[in-house]
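Asker: Take a look at this one; I'll ask things after.
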Amino acid sequence: MSKADSVRAIRWEADQLLLLDQRRLPQEELILRLGDYREVVAAIRNMAVRGAPAIGVTAAYAMALAAREAAPYPDWRERLRGGAEQIKAARPTAVNLAWAVDRQWTLAEQMGAGADVATTLLQAAHDLLEDDIAANRQMGAFGASLMPDGGVLTHCNTGSLATGGFGTALGVIRAAVAAGKALRVYADETRPWLQGARLTAWELQKDGIPFSLNVDGAAAALMQQGLIQAVIVGADRIAANGDAANKIGTYALAVLAHYHGIPFYVAAPLSTVDFAMAHGAGIVIEERPPEEVTHCAGLAVAPAGVQVRNPAFDVTPAALISAIITERGVARPSFAASLRELRGA
Ligand SMILES: CSC[C@H]1O[C@H](OP(=O)(O)O)[C@H](O)[C@@H]1O
């Protein structure tokens, strides 16, 4: 069985974007082959591909597809601009999505008529994919020493499936295991979309990393029993002061870790830091369809017609975060200064 650290959920082949459809895992490894940016927008919105860095890379490829479609037209810039707006609107919380689209747009806008914009944007998307994998491996190198010989609790999925490859928080765990840490992962199932049960468990099993799967509500008891020596999570958007938006349930884990005196780490590339956003109160939290809560694997688990709240993310205050592990080093409080220093500004 091939290891998950080498899994590539996003690939380009024969002029098409290939996405491993994460809605079908772990039962089926189905590949979507997409040639139209509108199909990619749907794949991001429907979470066939998900995870902040992964949707950023995917958005970059969507821009290349939009540029290829617009290329024959004199008004290619307007057409590409329209595509960019549709791609950015796919999901609101992860900054990586808008960051990647804006980066591609800036590249295209500078090019003259007749320049091969599509080829340039495609190469930029390839570069972004490889840069993301390299950043994850650097993050792993910086974060490995912070991992304990003991229990590490994770939430959602932050591995190869959430990124270009290797992973952010799960990449730190992979690097720690490779460095000889005797750790055991406690993976939250992560209701309602079950990224932990379906995706993280799939990755850890393929890697042969010791783990157990638990319902989200068990995290407090596991900490109370002394089984957890660290919590490590990813992020979808980090404000300049270190407040971090991540999968719903993360804030609860941070409060629990604080109460139990357990270090709480966030692992994310600097592209996830929104330096233009002073603090987390301004982060838009995606509200997802009620069916994600009222149904499980297509089966209704709630009465028809119930009212549902389904925020996909929450914001953890910087005060509850022990360190933010990035590809350029580990940021410690005060995060505003240390994140800026790592950026090099
Ligand atoms: C490596 S960041 C992954 C991040 O994205 C997840 O959200 P979603 O599965 O809805 O895209 C979750 O917040 C993870 O921490």
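Just so it is clear, glycine is given a Cβ too, placed from its N, Cα and C backbone atoms.
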Asker: R50, G51, A52, Q195, N246, K247 show up in TrEMBL as binding substrate; which entry in R8, R91, R103, R137 does that record put in the same site?
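Answerer: The one candidate that TrEMBL places in that substrate site: R91.
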Asker: Those recorded positions, R91, Q195, D236, K247: which ones have a Cβ sitting under 6 Å from ligand 1?
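Answerer: Q195, D236, K247, in sequence order.
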Asker: Which whole-number value in Å describes the distance between the Cα atoms of C156 (site 'Transition state stabilizer') and R91 (substrate binding site)?
Answerer: 17
Asker: For A52 (substrate binding site), name the DSSP secondary structure in the helix/strand/coil scheme.
Answerer: helix
Asker: Give me the count of other Cβ atoms within 10 A of the Cβ belonging to G51 (substrate binding site).
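Answerer: Taking every protein chain into account, the count is 30.
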Asker: Using the centroid of the Cβ atoms of R50, G51, A52, R91, Q195, N246, K247 as reference, list every other same-chain residue with Cβ within 8 Å of it (recorded substrate site), in sequence order.
Answerer: I55, A94, C156, N157, A162, G234, D236, A312, F313
Asker: Specify the secondary structure state of Q195 (substrate binding site) as given by DSSP, simplified to three classes.
Answerer: helix
